[in-house]
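Visitor: Below: one structure in structure tokens.
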Amino acid sequence: MFASIMLIVMLALLATAAIAQAIDPLPFRDHAEELRFQHLTSELRCLVCQDEDLADSNADFARDLRHKVFELMQQGESDDQIKQYLVDRYSDFVLYDPPVNSRTWLLWFGPLLMLLAGGMVVVYTIRKRTRAGTPAAPTENGDDW
Amino acid sequence: MTPELGQLALILALLLAAAQCALPLVGAWRGNRALMAIARPAATGQAVFVALAFAILVSAFLRFDFSVQYVAANSNLDLPWYYRIAAVWGAHEGSMLLWVLILNVWTVALALFSRQLPEVFVARVLGVLGFISVGFLCFILFTSNPFGRLLPMPPDGADLNPVLQDPGMTFHPPVLYMGYVGFSVAFAFSIAALLGGSMEQSWVRWARPWTNAAWGFLSCGIVAGSWWAYAELGWGGWWFWDPVENASFMPWLVGVALIHAQAVTEKRGSLRAWTILLSLFAFSLSLLGTFLVRSGILTSVHAFASDPRRGTYILCFLAIVVGGALLLYALRAPKVAGGKAFALVSRESAILIGNLMFTVAAAMVMLGTLFPLLGDALNLGKISVGPPYFGLLFPLLMLPVVLLLPFGPYLRWGKSDAPVLKQVLVRVGVAAVACAIVAAFFVQGQLKAIAGVAGAVWVGVGVVLYVVKRWRDMAPGRRYPAEMAGMLLAHVGVAVFLIGVLLSESLSVTRDVRLAPGHVAVVGGYTFRFDGVTQATGPNWVAEQGVVTVTRNGAPVAVMHPQKRTYSHEQVQTTSAIDPGVTRDIYVALGEPMDANHVEGAWALRLYTKPFVRWIWGGGLFMMLGGFVSATDRRFRVKRETEATQTVTGVLQESKA
């Protein structure tokens with residue numbers, strides 16, 4: 001049992017070693033480039049963290065990857081090229097915006113299918129209830145709102 | 001009081017919960033009044049023992065009893081008393097105990113305020129709540145005992161995660177659980193209705209105030225969590241579409257649908273089966289949320305627990321509760337659509353469409369949250385689903401809801417007249433377009449911000465027009481019954497929320513800068529001057545505290561003190577400084593010194609200006625208030641008071657006999 005306490009302490013120490021580097025001033029050419037960088041890093045996953053994006057992560061790994069993204073931007077690569085560069089190395093897992101392909105069609109079109117199915121049920125219900133009879137005339141005393 | 005007494009209290013609570021579950025249900029089935037009468041005393045007794053167990057755990061934290069493993073793992077000698085109390089629910093075991101405690105609070109409240117309901121019905125409702133309690137008490141006793149001993153007793157404990165040492169965290173879990181667990185009442189009402197086979201509208205009227213109150217608590221809990229993420233995590237974000245946030249958001253979305261469906265069923269008798277199904281969904285999603293957070297299946301910033309035994313247990317419990325409820329539904333749900341007929345243009349139709357959008361939105365959030373887990377389990381490769389996915393689909397699904405919202409109060413039950421609606425359409429449309437054009441000049445043509453202003457005016461003007469109409473048409477005292485006032489408040493909340501989200505998202509400015517003392521940076525029209533770093537100390541931390549002076553056009557605005565704290569167990573936590581305002585927040589977070597050996601030199605800082613960000617939580621609080629105000633409507637009580645006197649006399653006669 002004491003071991004588990006020690007483990008917690010060790011984990012805490014490890015976390016300490018790699019913290020507080022998310023704030024990372026980089027020499028951007030102009031504000032537009034900075035905005036582009038902020039947008040891009042917020043759509044990329046810090047692979048060693050628990051569900052954090054690159055922009056907000058304190059991990060060393062995230063900082064290195066942020067700097068790589070910055071470097072690629074300086075070389076004039078487009079957002080898509082930079083994403084492709086990262087996907088080639090770290091798979092689609094790095095993208096918070098999963099690409100539409102055979103594995104993700106359910107993810108992207110599932111809500112649409114649910115909406116269509118639900119919509120048909122709603123239309124069916126309304127039609128049935130419309131035909132069920134003349135809707136009762138609402139009372140006009142103002143309490144039946 | 002020794003921790004073993006806490007353990008004993010939990011075992012006794014489990015036995016009473018078993019009695020509260022089994023005996024009244026059998027009694028209701030066999031028509032045995034003696035068995036049914038056990039429900040209330042058993043529930044009260046259970047609550048007493050659960051509260052005792054909880055108090056014993058709190059006292060163990062307050063007395064630094066590190067011989068209790070849970071206390072040693074989550075607190076230490078330096079932790080101030082208020083965070084030692086919050087530490088009770090800072091990790092898995094204690095938060096499960098809190099869950100059961102809150103379930104008991106709801107159960108006792110229900111036992112107290114249900115004297116006037118039919119005896120058989122109350123017996124069934126309390127029986128169902130007892131079943132849920134049995135499930136969670138077994139979970140605590142067999143897999144997550146908070147009273148386990150740690151021998152030899154360590155001289156000092158570990159630390160509560162510093163992220164949790166924040167006023168928001170003392171408050172967020174209990175309120176959120178009040179919401180989660182509150183849906184168990186609506187669930188129990190539905191199961192009782194299915195068991196009894198009585199689908200009268202009356203049970204929906206009894207369930208409505210409970211559902212509204214639970215939803216109000218859930219709104220409040222989500223707002224508190226979002227505020228905590230904003231103020232404490234130091235990233236200036238207020239919603240990350242993190243799986244644990246989604247876990248609380250799904251029941252909230254279904255809760256919105258449920259509140260509206262209950263209104264239809266209670267007032268018009270329509271959509272009975274759908275209302276029952278929604279109450280089953282709302283509570284199932286609350287359980288799923290608990291499962292997602294507590295099983296360790298997610299690797300997210302919130303999920304601290306990881307123990308496969310626990311995961312398996314909750315999954316089985318989830319399967320029994322959800323599967324059992326759905327099976328019962330399939331067998332007993334009303335097959336014949338009852339209630340009054342309605343036309344295409346009617347309030348029923350509008351609520352039905354709103355219900356569709358909210359349930360699909362909840363399903364979308366669930367799909368996006370679980371899809372990576374499914375892909376992982378089925379070896380389809382790891383993928384991430386994050387803010388770009390939810391941020392695209394959620395607004396699309398909510399657009400029809402916002403468009404319909406101003407018409408809601410004007411629509412009549414059954415059938416509505418088109419001319420009134422056209423008048424409303426013209427008025428809110430003109431107001432929205434006019435304000436959008438004015439706004440366009442202020443926000444440099446940012447489309448998102450213009451849409452925010454237009455949307456808020458569209459919704460807000462609709463509500464205001466209706467308030468004015470009621471004021472004119474109705475006699476004083478009959479203008480705004482609590483139920484309607486709650487609805488209007490919640491709908492105003494939507495307008496406030498739209499302003500907050502869309503304006504802060506589009507107009508916020510973020511910059512990471514390196515500043516030497518005396519240097520300035522300009523962000524969003526504000527000048528930030530860095531005046532170096534000093535030392536600060538708190539009860540259990542020391543901090544490097546930056547001093548940042550903010551001015552605008554030379555006039556002083558604020559002096560801000562962002563900190564980088566080192567807690568007594570070497571954990572480092574940044575604490576950002578926020579200058580709040582109605583129209584904007586200024587937000588500063590302190591990073592690292594550029595040269596670790598020269599803390600008096602330049603530092604990395606993150607500076608934000610966030611226009612209207614507070615309106616996000618303001619909107620949420622309006623919605624919460626709406627839920628609570630609606631729940632107090634006299635209509636939910638008046639009719640029962642006459643019945644109540646009869647029941648009370650009946651009970652008195654019985655006790656005399």
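For all residues, glycine too, the Cβ spot is worked out from N, Cα and C.
Quick caveat, the model's predicted, so the values are computed rather than measured.
In case it's useful when we look at the structure, here is the feature table from TrEMBL:
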type	residues	note
TRANSMEM	B:45-64	transmembrane segment
DOMAIN	B:89-295	domain 'Cytochrome c assembly protein'
TRANSMEM	B:96-114	transmembrane segment
TRANSMEM	B:121-142	transmembrane segment
TRANSMEM	B:177-197	transmembrane segment
TRANSMEM	B:209-229	transmembrane segment
TRANSMEM	B:273-292	transmembrane segment
TRANSMEM	B:312-331	transmembrane segment
DOMAIN	B:315-634	domain 'Cytochrome c-type biogenesis protein CcmF C-terminal'
TRANSMEM	B:389-412	transmembrane segment
TRANSMEM	B:424-443	transmembrane segment
TRANSMEM	B:449-468	transmembrane segment
TRANSMEM	B:480-503	transmembrane segment
TRANSMEM	B:612-631	transmembrane segment
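What's the neighbourhood like for these features in this structure?
Guide: Taken together, the residues in the domain 'Cytochrome c assembly protein' (B:89-295) have a mean pLDDT of 90 on the 0 to 100 scale.
Here the transmembrane segment (B:96-114) has long-range neighbours at 13, 39-40, 43-44, 46-47, 50-51, 53-54, 57, 88-89, 122, 125-126, 129-130, 132-133, 136-137, 139-140, 144, 146, 173-174, 177-178, 180-182, 184-185, 206, 210, 290, 294, meaning same-chain residues at least 6 beyond its ends whose C-beta is under 8 angstroms from one of its own.
A Cβ distance under 8 Å defines the sequence-distant neighbours of the transmembrane segment (B:121-142), meaning residues of its chain 6+ beyond its ends; these are 7, 10-11, 13-14, 17-25, 27-28, 35-36, 39-40, 42-43, 46, 50, 93, 96-97, 99-100, 103-104, 106-107, 110-111, 114, 184-185, 187-189, 191-193, 195-196, 198, 203, 310, 313-314, 317, 320-321.
Within the chain, the transmembrane segment (B:177-197) has long-range Cβ neighbours (under 8 A, six or more residues past its boundaries) at 25, 28, 95, 98-99, 102-103, 105-106, 110, 120-121, 124-129, 132, 203-204, 206-207, 210-211, 213-222, 248, 251-252, 255, 258, 275-276, 279-280, 282-283, 286, 289-290, 325, 328-329, 332-333.
Taking Cβ pairs closer than 8 Å, the transmembrane segment (B:312-331) reaches residues 132, 135, 139, 142-143, 187, 190-191, 194-195, 273, 276-277, 280, 283-284, 287-288, 290-291, 294-295 in its own chain, all 6 or more past its ends.
With a cut-off of 8 Å between Cβ atoms, the residues of this chain six or more beyond the transmembrane segment (B:389-412) that come close are 241, 246, 345-347, 350-351, 353-354, 357-358, 360-361, 364-365, 368, 420-421, 424-425, 428, 455, 458-459, 461-463, 465-466, 484, 487-488, 491, 494, 498.
The list of residues near the transmembrane segment (B:424-443) in space but at least 6 beyond its ends in sequence, with Cβ under 8 angstroms from a Cβ of it, reads 406-407, 410, 449-451, 453-455, 457-458, 461-462, 465, 503, 506-507.
For the transmembrane segment (B:449-468), the list of distant contacts is 402-403, 405-407, 409-410, 424, 427-429, 431-433, 435-436, 439-440, 443, 480, 488, 491-492, 494-496, 498-499, 501-503, 506-507: same-chain residues at least six beyond its ends, Cβ to Cβ under 8 Å.
Within the chain carrying the transmembrane segment (B:612-631), a Cβ under 8 angstroms from the stretch's Cβ atoms is held by residues 208-210, 212-213, 215-217, 219-220, 222-223, 226-227, 230, 238, 259, 482-483, 485-501, 503-504, 507-508, 580-585, all 6 or more beyond its ends.
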